[in-house]
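Annotated features in Swiss-Prot:
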type	residues	note
DISULFID	Cys78-Cys81	disulfide bond
DOMAIN	38-175	domain 'Thioredoxin'
TOPO_DOM	25-181	topological domain 'Periplasmic'
TRANSMEM	4-24	transmembrane segment
Amino acid sequence: MNKKLYFPLILFLILVFAFAVQLLRNAQGDDPKALESALIGKPVPLRTLQDLFEEKQYGIEIFQQGKPILLNVWATWCPTCYAEHQYLNKLAQQGVTIIGIDYKDKSAQAIKWLKDLGNPYQIVLKDEKGSNGLDLGVYGAPETFVIDGQGIIHYRHAGDLNQKVWDEKIQPIYQKLVERK
């Protein structure tokens with residue numbers, strides 16, 4: 001066989017093998033969106049960040065108010081964030097406390113977005129450079145963290161938060177934290 005054919009053939013076989021491994025993981029129930037987080041069971045690693053609307057600065061104390069919180073990392077440039085936004089508004093109307101981090105975004109665009117689509121967040125923090133997202137281990141927006149009233153992370157979800165994700169994954173954890181309060 002010609003040496004020029006070996007490299008593409010080997011590359012093809014590696015790709016087929018990787019695809020097969022992923023199919024097996026999915027068949028065994030592994031969620032391809034599930035991302036391990038070294039922060040589960042640890043305090044939110046929040047640096048001091050500025051409020052999107054005011055000159056206020058916030059730190060870890062906003063997560064230590066004695067009640068569970070959803071921390072939602074989002075951006076106006078993110079189409080999946082747009083898809084989940086209506087559901088976040090619904091959760092906020094139901095009394096779920098949500099704090100947002102506007103990730104790698106321009107403040108003016110974020111303010112307009114929230115004005116046009118509604119603001120589900122009790123507080124919106126700016127993370128224009130993405131440094132806090134990096135501390136949280138964010139791979140991209142949106143990501144949602146379930147945090148207890150002492151500021152400890154209990155769950156991380158990458159991707160849009162919708163009814164199915166809420167019912168099956170996040171709400172049971174959130175409800176346990178509400179009852180524990």
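Glycine residues also receive a Cβ, built from the backbone N, Cα and C atoms like all the rest.
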Item checked: Residue counts (helix, strand, coil, in that order) that DSSP gives for the domain 'Thioredoxin' (38-175) -> 49 helix, 35 strand, 54 coil
Note to self: Rank the disulfide-bonded residues Cys78, Cys81 by how many other Cβ atoms lie within 10 Å of each Cβ and give me the one with the fewest.
What the structure shows: Cys78
